[in-house]
Structure formats: structure tokens, C-alpha cells
């Protein structure tokens, strides 16, 4: 059997990490089995769907490296196909028109709640006579179209993640609405469950891979596949992504969309890697840092967990830091440029080679790309504010003297690491202090703090940027004070 899977997001918001994780699993399964990965945009919710959300979804999937083989297909362009399926169900007696008003349905629900019963439609219009239908139409009532569900029916399937799943027809809430309310004799806008099934039949989807929150929909959809005379695909219901409290990750948890992660400085390789680990366990001997292409050679549902997957920021941060370390200096500079630009840093004033040296220096300490703004600030600033630990160091005996020696020996030409090492040795000897005093005093003067990246490399970069001399002069003045 040819594997054909799909991802079918609704453009009612930006690409959510849960939808993106589902896309990753679908993509991996398709690539593992040399199948097709199809993109479908379920945009029939006209009130909430927005073109900017569609753009965000497409851009997000591309950013993650999830290339699709067919699509994107848009449900709003396929309404005639859905209405034809609804008509087929009406003609075969498997669907009917229901004229209940919203007030009548709400009264039904209220009475059920009063009896501590789960709200459900009681199928009261399932077998209307032509005369009854005519009477409702004469009142000007519009009708939804409902699909008949036998309460005694057992719906079962072997799920690729959850093994055997069984639902009773009586647990599905009564006959299901498959088309919105419309005037007599017409078919209103088809609804989610009907449209999804028609699309999956038309696109010959072999495996439906989605979150476990769709299990109840699957039971309803299996009945629709059968009623339309189509083969039922295989299903895999993946675990939900949970927050640290064990509840489903939602917008209330803050960062949930792929564009949010992108703006925070996470790289697509890290996000895709981490999403694969959200519910899937690598094969024995496989490192947790892997590419999508590597995962696609071994991915299957035998290693997908049933239990919900808790979102672990520490794991994501570690993966992101590893991906950053894998980048070449030129690649990293290109990735960092948008974050420098957003922070108002004019990198055009600095040579490309200097920026690459800076990225090489700071890259190993970055967890996200946004970290570069704070960590690189002292290299772009025209002056620095001395922190308390730096002020204390500059007050140490010998600090002023060794800085004076370094300042006087500074070359007018480019400073190299070898020259910098020699200058330090000469300065501490001339000032009569230990090398540790010289190094700590130089750090305080150049960086304004006793913490920071490699001192000598930082010195070389600051000298090249024309900042070493004025900082030494300012530190000497502070030490005098």
C-alpha cells in the first residue's frame, strides 16, 4: 500500500507547536515509507480564518524543513465536493434534515442537565413524515443536515499508537450535524467531520496521524467512510503536548506558536528535533541530537508513547545550544543579524571577518540567538559602565600601574593573540605585579565586569573596533579616583 498522509491545519491562528509536531510525525512517516506528505488548509470557518494565519502556517512548515509533496489544498475551494457527498447521504437515507430551532435544542440540553445526563441530541427529527417537513418549512424553519448514528453500533479500530480502541454509538452525542442550517431544499456549509472524510477519500489518504484529542472524531468519521462506501484508513493518535502541570499546552502557557519560538531565537533544526522527541523515543544507540532526515530512517509508531508528553524547556534549550555550536562562523553571523538589527546594532560598520570572530567567541555560550544581544553589547558600545566587582578590582594594589603599562605598549596596528599575550607578560613584569592581577585588571577595564568571554580574544576584538584604548584610559582614571 502506498503511504499517503496529510497535515490539515485550520488558519484560525498561527502555526501551533502541537500542529507542527503532528506535521513532523506525518512527514517522518511519509519519508520513512517513501510516501507522500500532503498539505490541506481547513479554512471553512469563515469567521475565524485569516489569510495571514495561512501565510504563517505555510512559512512555519517551510522554516521547519517540512516540504510537502502535494498542496496546499483549500477546503473553501472544494465545497461542491462536500455538498455532493451530503446529497449522496441524503439520497441513501443515511442523512436527513433536522428543523429543530436553537431554542428547542437548548431546552433539550437544559432538561438533560437537570437529570444529570450528558447533553445529546435525541434524534427527534430522524423520521419526519413529508407532511411534518412541509409544516416546518411553512413556518419558515431552516434545517441542518444530520447523519444517522446507531446507538447500538460499536465502532472499533486498531490504532497504531493505542492498539484497539472501541466506541459505542450511544457515546457520540446523537445524530451528527454534517451541514449547517440552510433554507428548505438546500445544503448548508458542510462541517468538519464530513469535509475531512471527503477530502481523505478524494486524496486517497492511507494513514490519518493526529492528536489523541481527535479520537471521538475518528469514531464518527469511520461511520462516514462506511456510509460513503470508502475504505477506512489506518489511524495513529499521538499523545498531547502537556505543560509542566500536566495539562494540555495552550495559549495561556505563553509561547506556543512556531513563530514565537523563531522570534525567541530558536533554530528550526532544534525545534524539529525536539518536537520529534515529544512523544517518540529514539532507537537504541541513537543520540538525542539528530536531523529530520536521520529520524526519518528509523521513525515508526512502535516507539511513540501513549502518555502525554511534557514540554521540557531545558531539553529544548540544550538542543538549541547544540545546533548553534554546529554552525560555521558565517552561518551564525547571518542568523544573528536580525536580532542585532532589532536591537538597533549597526553591524554594517564592522568588517565581516570581525563579526565572524565575535560569533566564534560568543557562539558556544549562546542558548538562543536572542542571547547575542546582551552578550555582544560590550563589543558594540562606545563606553561601558563599570560594575561593582570591576570597580573593586581596579582598587586593588598594582591595578592602575599594570593598566598604565598595557596602555603605553598598545600597538597602533592590529593586535593579535600572540602580541596580546606578550604585552600582558611585559606589563606585569614592568609593574611588578603577579600575572593574575594584570589579567583581572585588564578584564575589569575592558569589559566592566569580572565575568565574560575569553579575555585575550575579547581584547583583540575591542582593539580592532577602536575600543581598547579609551576603555583603558577610563579605567585608569577610575583607579586614580
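Each Cβ is built from the backbone N, Cα and C atoms, and glycine gets one as well.
Feature annotation from Swiss-Prot assigns motif ''HIGH' region' to 9-19; the stated evidence is sequence analysis. Helix first, then strand, then coil: DSSP counts for the motif ''HIGH' region' (9-19) stand at 3 helix, 1 strand, 7 coil.
Taking the Cβ of residue 125 (Zn(2+) binding site) as reference, residues of its chain lying under 8 Å away and at least six apart in sequence are, in sequence order, 96, 97, 98, 99, 100, 146. Among the features that Swiss-Prot reports, Zn(2+) binding site is placed at 98, 100, 125, 127.
Marked as motif ''KMSKS' region' by Swiss-Prot on the basis of sequence analysis: 248-252. Residues 17-18, 213, 240-242, 308, 311 of the same chain sit 6 or more residues outside the motif ''KMSKS' region' (248-252) yet have a Cβ under 8 Å from a Cβ within it.
Per Swiss-Prot, the feature ATP binding site maps to 251. Taking a C-beta cut-off of under 8 angstroms and a sequence separation of 6 or more, residue 251 (ATP binding site) has no same-chain neighbours.
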Residues of the motif ''KMSKS' region' (248-252) by DSSP state, where helix covers H, G and I: 2 helix, 1 strand, 2 coil
Residue 100 (Zn(2+) binding site) CB neighbourhood, other CB atoms within 10 A: 20
Under 8 Å by Cβ from residue 127 (Zn(2+) binding site), same chain, sequence gap 6 or more: 96
For residue 98 (Zn(2+) binding site), the number of other Cβ atoms found within 10 Å of its own Cβ: 21
Segment confidence, the motif ''HIGH' region' (9-19), expressed as mean pLDDT: 96
